[in-house]
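To start, the structure itself, in structure tokens.
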């Protein structure tokens, strides 16, 4: 069944099926002048021009009491976005032009940003859990050893943190942007090998494969994936190969492949620079500790 998109207040909305779109038109939420589009159409068209296909009665402007405006010349409408609407990715998968795959450095920068976002959420949950644990221990000390304020609460917090991670990566990757916040900042996205977006189930499977490989191999698989994402032809990690996914430039598989960027970009360079500073600082602290220990022996 064809999936329809419609423009409302200069914003692209959808997808919806034909019955849903018909119901919105008949209820008055949308009208015959609403611009609609589906795959296979060359450009956006008013719904009234597709009244037969959508099976609804489209009243004319006079019936609605709307004064017709004089026609003015306008640029040719693009089928890839709602008129005047800025979108992250076009609707139709295009295989024109080369595909710029995201290598290790871009993926590392995106992962660093995502980890920072999730770390903030995790810290909030942990501090909240510690506060709850403190209150529970103070008012009901006997329940600490056997109830939710004992082993139950820490376990619940751990499950909640991992659940939030699963939801974050699965939902964001399956969204219209096909990217987490980190990937959006870097300018990359996750798609299937044919350029289509990932379903929610496949997106969850991608996260589960990544998480499972890390747990089973004590993160050794992550190192292997890091090398693979920098050396393989399509920059795929192990979890990408398991679920048929690619990490590419945000303009790959769109109608504007020329907008893809092979260079790292400002955000990636900033993240890499901060990471190097943190590593140097950590090594410096270790060196200071070792030096202080040696001096203390004399």
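Don't overthink the numbers, they just go from 1 along the chain as shown.
Yeah, the Cβs are placed from backbone N, Cα and C, and that goes for glycine too.
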**Request:** Scan 236-265, 266-295 against TrEMBL and say which stretch is down as transmembrane segment.
**Result:** 266-295
**Asked** When TrEMBL marks a stretch as transmembrane segment, which of 76-99, 148-171 is it?
**Response** 148-171
**Beyond the flanks of the transmembrane segment (266-295) by at least 6 residues, Cβ under 8 Å** = 105-106, 108-109, 112-113, 185-187
**Asked** When DSSP states are grouped into helix, strand and coil, how many residues of the domain 'GYF' (4-51) land in each?
**Response** 15 helix, 18 strand, 15 coil
**Item:** Averaged pLDDT, computed only over the residues in the domain 'GYF' (4-51)
**Value:** 82
